[in-house]
Each structure stands twice: as C-alpha cells, then as structure tokens.
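A quick write-up on the structure given underneath.
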Amino acid sequence: MSGQHHFLMTPGPLALSDEVKAQMQFDMGSRDQSFKDITASMRERIIDLVEGNGTHSVVPIQGSGTYGIEAALASFIGSSDRPLVCINGIYGERILKILKLRGVQAVSMNASSDQPLSVVDIAAYLEQDRTITHLCFVHCETTTGVINPLDAIVALAKRRGIRTIIDAMSSFGAVDISARRTGFDVLVTSSNKCIEGPPGVAFVIASLELLRNKGNPINSFVLDVRDQWRSFEQTGEWRSTPPTHVIQACAKALDVLTVEGVIGRGERYGAVRDEIVRAVGRYASPLLNAQVRSPVCLALTADGIINTQQDFDALYVHLATYNLYIYSKLHPQTRSFRIGCIGSIKPAWILLLTTAFRDFFDGSRSTEKASIHLESELVQEVL
C-alpha cells in the first residue's frame, strides 16, 4: 500500500483539495438530522448552479456516474419507447449498451469522435424517423474532450416533443448549463469530476413534471429515481445507506464551486489545458481543433510513436515513475490518449510532465532519473 499521493492528471477521479478531503474525517449517522441537512444543502447548491429552481429537482444516487445514467434511463424510458442515442465516443456507446441490456428498442446515430455532434444531422434523422420518443447524448464526450452543442440539441428535441436525457459527467461545474435557458428534461452528473469531490455519488437533475408523473414500472428498487426523490422530499432521507463521508466532502466541494463559479472554474481548467499543450507540444499534438476542445481533458496524439495500446503502456508506466498518472487507455480509433485538466493540479506537476515527456520521447527513460526528479525541490513543494 502506497503512502504517497498520486499526482492525478486524469478526467476523474481527480486530485482533491485539502479542504474537501478534510470533510471525510467525520462520522455521521445517515438518518440524523445533521446529515439530512447536509444532503438538502447539497441538492440546493446543485439546483442553484444549474438554474433549475421551480422547474427541476436534484436526486442524488449512490454510486458512480454510470450508475446515475442507468437509473435515469431505467426511470424515464419505458420498454415501449424508442430512444435515439447520438454517439461520438465511448460514453455515448455506453448509453446505448445500457438501453439494449434493459430490452429497450433504442436506435443510434454515430458520428466522428473528433467532431461535435451535428444538429443538422440529428434533425435529418428525426425527420426520417418520426417514432423517436427520447434523445440521449453526452455533453462533453470524455473520449476526446469534445463539447457537443447541448442548447441547440435540446431546442431541436423540444420543438419535436422529444424528451432529452443528457450525460453531463464531464461538463457540469465547468461548462455553463442552464435548465432555465434550455429546459432539458434529465441531466446526469457525478461528484468526482468538475464538482471536484470524491467518487461515490451521482446526481440526476430531472424536471418536476417527469418526477411527479407515475411513469412505467422499472422492476428495480435501487434504480428508481422517482422513489428516491419522493423519499428526499417527504423525509429528507436516503432510502438506503448513503456514502456519508463522500456526501460531506461533496457538499464542501459544492460550496467551493459556488464561490469560484462555473465560469471561473472553466477558465481555470482551460488555462491548465493550454499549459499542458505548451508543455508537451514538442512531442504530442492535440487531437481536436481549439474551437471544440473542452477545458476538462485534452486528447493528444504522437503519430509514429504512440500507435497501439502497448506503445501507450510504455509511456504510462514511464509517467508513473514520476508519480504522474494520466488516463490509462489509448483510444484506438483516433490513437489518442487523454490528460485531465481538472482538480487541484499544481503548476509544478505540469513542469514535471514536461520533464517526463522529454525523457521518454528523447530516449532517456531511466527510473533513476525519475527518482531524482521526485526528490527535487520542485516536487517536494507540492507533496
């Protein structure tokens, strides 16, 4: 068991601030009024950030972001519905897989993973297939970091009377999203990305209209968003044991986000992204054009050197000797790898990343060199 913090430069989980981590030191009873107050405050913070007061409500769900996605899909899409999943990355593919596993007759529209979804193409698909009941897509597709046009896609769906379910794992908290402006039906996010909390809780932000509707039977207790919502509204309690320490930390993270602001946080991440581009630009190139890059993560290619997962594994292991950890998988279609720009990333880490890339790509890949760097004043400043 390592006693050293990893320098996380991943798109979640991420490096937590000391003040957020400190909140996980306290034991609380999950049905005590003080914990119910923390849960209520957390829900209020999120609804304020998304400008959903009076139209939407926040339903925390124990588990990962994918758990929240499946809960939303199970609760708001019935077996007789026909959802269209717009896909330009692996997280859109995951939505489709979940729907098919649940026996839903979903259809998909696939697009290039290095370009935003085209509203024109979606409109053309909907024109040809008038049976579509729901439109599902990912706002920030973490596969490449591309941002999809949420407002325009939701507006298109609303004009046609189609419900929207949006994966906003990697955008909520750093990219402007407004329920008041767009009127989306359902949006799902997670504690461990731009909220800058620990993993363990997802948030389903759903319209009050949908939550109040009876809906179709979903044959699941833990995935029932409406029943979870009713419990919060009526008793303030979670239906089953929540991750109490995670919730306390997440509530603190939301307080910090409220002070920094969504726009401010996005600008901070964007500055980190641009610093990373400059730091590694001699060896790797951004996959996306600057106009469509999110501030959340940066997809890079190193043609001729990083072409396979095996090639990338060598870089990953090399970076780990510097205590630097990026996302561990190569995207095979684009041959790109991802560096996260979110969380409490220190400037010294980016300088260390520069050294690590230089040593790898220029051929000086010795663990001894890495150890020397880890003992340097630069790194000691941030341990």
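Note that Cβ sites are derived from N, Cα and C of the backbone, with glycine treated the same way.
No curator has checked TrEMBL annotations; they are predicted automatically.
Taken residue by residue with DSSP, ARG338 (substrate binding site) is part of a strand. Taken from TrEMBL, the feature substrate binding site covers ARG338.
Annotated domain 'Aminotransferase class V' per TrEMBL: 22-257, in sequence order.
LYS193 (N6-(pyridoxal phosphate)lysine) is surrounded by 29 other CB atoms, counting those within 10 A of its CB over all protein chains shown. Annotation comment: TrEMBL describes LYS193 as N6-(pyridoxal phosphate)lysine.
There are 24 other Cβ atoms within 10 Å of the Cβ belonging to ARG338 (substrate binding site). Note: the CA-CA distance between LYS193 (N6-(pyridoxal phosphate)lysine) and ARG338 (substrate binding site) rounds to 14 Å.
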